[in-house]
Amino acid sequence: EPRAEDGHAHDYVNEAADASGHPRYQEGQLCENCAFWGEAVQDGWGRCTHPDFDEVLVKAEGWCSVYAPAS
């Protein structure tokens with residue numbers, strides 16, 4: 001499965017620290033603790049359930065601007 005590149009959608013970055021200048025980013029927000037995180041697949045990459053990411057894997061340490069805290 002292809003892996004998301006920086007800028008794939010919604011200001012996505014593979015390393016959340018790279019989003020530090022984004023107005024929506026808050027420290028500690030990661031794909032792996034987002035409500036859209038689906039499941040880990042391999043080597044720190046996993047599925048995102050947001051429709052704009054359904055064709056690619058995202059990095060657990062990544063971030064995008066539709067981040068929503070998991071409950």
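Glycine too: its Cβ is placed from the backbone N, Cα and C atoms.
Per Swiss-Prot, the features are as follows:
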type	residues	note
BINDING	Cys31, Cys34, Cys48, Cys64	[4Fe-4S] cluster binding site
COMPBIAS	1-13	compositional bias 'Basic and acidic residues'
REGION	1-21	region 'Disordered'
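Annotation note: Cys31 ([4Fe-4S] cluster binding site) sits in a helical segment as assigned by DSSP. Same-chain residues with CB within 8 A of the center of the Cys31, Cys34, Cys48, Cys64 CB atoms, the [4Fe-4S] cluster site residues themselves not counted, are Tyr12, Leu30, Phe36, Trp37, His50, Phe53, Val58, Gly62, Trp63, Val66, Tyr67. With DSSP states grouped into helix (H, G, I), strand (E, B) and coil, the region 'Disordered' (1-21) comes out at 4 helix, 2 strand, 15 coil. Less than 8 angstroms from the CB of Cys34 ([4Fe-4S] cluster binding site) sit Cys48, Tyr67, Ala68, Pro69, Ala70, each of them six or more residues away in the same chain.
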